[in-house]
Amino acid sequence: MWVPSRRHLCLTFLLVCVLAAIFFLNVYQDLFYSGLDLLALCPDHNVVSSPVAIFCLAGTPVHPNASDSCPKHPASLSGTWTIYPDGRFGNQMGQYATLLALAQLNGRQAFIQPAMHAVLAPVFRITLPVLAPEVDRHAPWRELELHDWMSEDYAHLKEPWLKLTGFPCSWTFFHHLREQIRSEFTLHDHLRQEAQGVLSQFRLPRTGDRPSTFVGVHVRRGDYLRVMPKRWKGVVGDGAYLQQAMDWFRARYEAPVFVVTSNGMEWCRKNIDTSRGDVIFAGDGREAAPARDFALLVQCNHTIMTIGTFGFWAAYLAGGDTIYLANFTLPTSSFLKIFKPEAAFLPEWVGINADLSPLQMLAGP
């Protein structure tokens with residue numbers, strides 16, 4: 001009869017230990033992922049002491065600057081998607097809308113980061129829940145950097161724990177959800193009422209009547225004065241472009257009033273023709289507190305934008321006619337590798353070509 005040696009017994013014991021360790025590791029992994037799902041839905045479940053609620057229950061009282069309704073399209077698959085908040089106000093609006101649209105398209109639950117909530121919730125009635133920091137730290141994220149136009153691949157993403165990155169702001173991601181996006185970016189009542197109060201004070205110079213047509217004008221200046229010519233071989237909107245855009249509206253609407261906002265209000269006052277008495281410099285230009293200027297633009301009937309996501313979102317939410325600055329870079333600009341005009345501007349918007357002669361003179365023969 002064969003009797004196992006001490007060596008055989010030791011090897012058998014080690015094999016049993018290895019198999020047991022693998023078994024318990026798999027059990028722990030399942031519990032960990034289940035715990036993350038529970039943590040994402042129930043932040044007060046003795047796991048996280050986050051002050052930010054991250055699951056919306058119907059009928060639960062909310063802060064005036066928080067969401068006022070539950071997500072309208074719950075996810076059909078497990079897992080969590082989020083997006084890294086980067087850039088300023090308009091950038092984060094684009095990131096929010098893209099996250100919402102792609103998560104719905106792929107049947108996942110979208111959560112926003114607390115930093116994005118802090119930027120957008122004081123202005124809009126957003127409904128996406130906020131991700132608990134504990135989940136963000138421990139979740140097995142896969143990252144995906146988005147380019148700024150919709151691709152077929154983005155409709156078939158399989159990762160359950162996905163963190164999107166980049167600066168998406170193309171209507172091709174979310175335009176099929178336009179009414180939902182407009183609902184997400186509904187201004188809080190006090191901002192809307194304040195903006196309407198400002199507009200209601202304006203009078204037509206010749207008759208003293210209240211205007212019936214307001215055209216919001218956003219003039220992007222600031223860091224773009226340096227970035228566009230030096231990095232992207234591009235220009236920002238100049239006085240001639242703004243004059244053309246305003247004349248376009250004057251030819252189509254009776255007595256329109258132009259409500260100018262900008263992060264360069266001093267330049268606007270010096271370079272926009274006010275001789276007709278139909279231009280009002282209403283913006284305060286406070287980049288750190290954009291809510292007031294944005295609310296003014298959204299409450300207008302139509303929009304003139306130059307470049308940038310702030311102007312895009314003002315036009316998208318205001319509706320009506322939109323004039324935008326077209327062909328604002330040289331054909332050789334590397335900006336065109338990451339920016340597709342046909343994916344940036346709605347087909348019904350009207351473009352007026354930029355004057356590139358200052359760049360061409362700098363480039364030489």
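Positions of Cβ are set from backbone N, Cα and C atoms, glycine also.
The topological domain 'Cytoplasmic' annotation in Swiss-Prot covers 1-8. For 9-28, the entry in Swiss-Prot reads transmembrane segment. Summarising the annotation, Swiss-Prot assigns topological domain 'Lumenal' to 29-365. Sequence annotations record features per position, and here Swiss-Prot assigns N-linked glycosylation site to Asn65, Asn301, Asn327.
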## Note on the structure
According to DSSP, Asn301 (N-linked glycosylation site) sits in coil
### Query
Counting only residues 6+ apart in the same chain, whose Cβ is under 8 Å from the Cβ of Asn327 (N-linked glycosylation site)?
Pro341, Gly351, Asn353, Ala354, Leu356
### Message
Averaged over the topological domain 'Cytoplasmic' (1-8), what pLDDT does the predicted model reach?
### Response
60
### Assigned element (helix, strand, coil) containing Asn327 (N-linked glycosylation site), judged by DSSP
coil
### Summary
Cβ atoms other than its own within 10 Å of the Cβ of Asn301 (N-linked glycosylation site), all chains, total 18
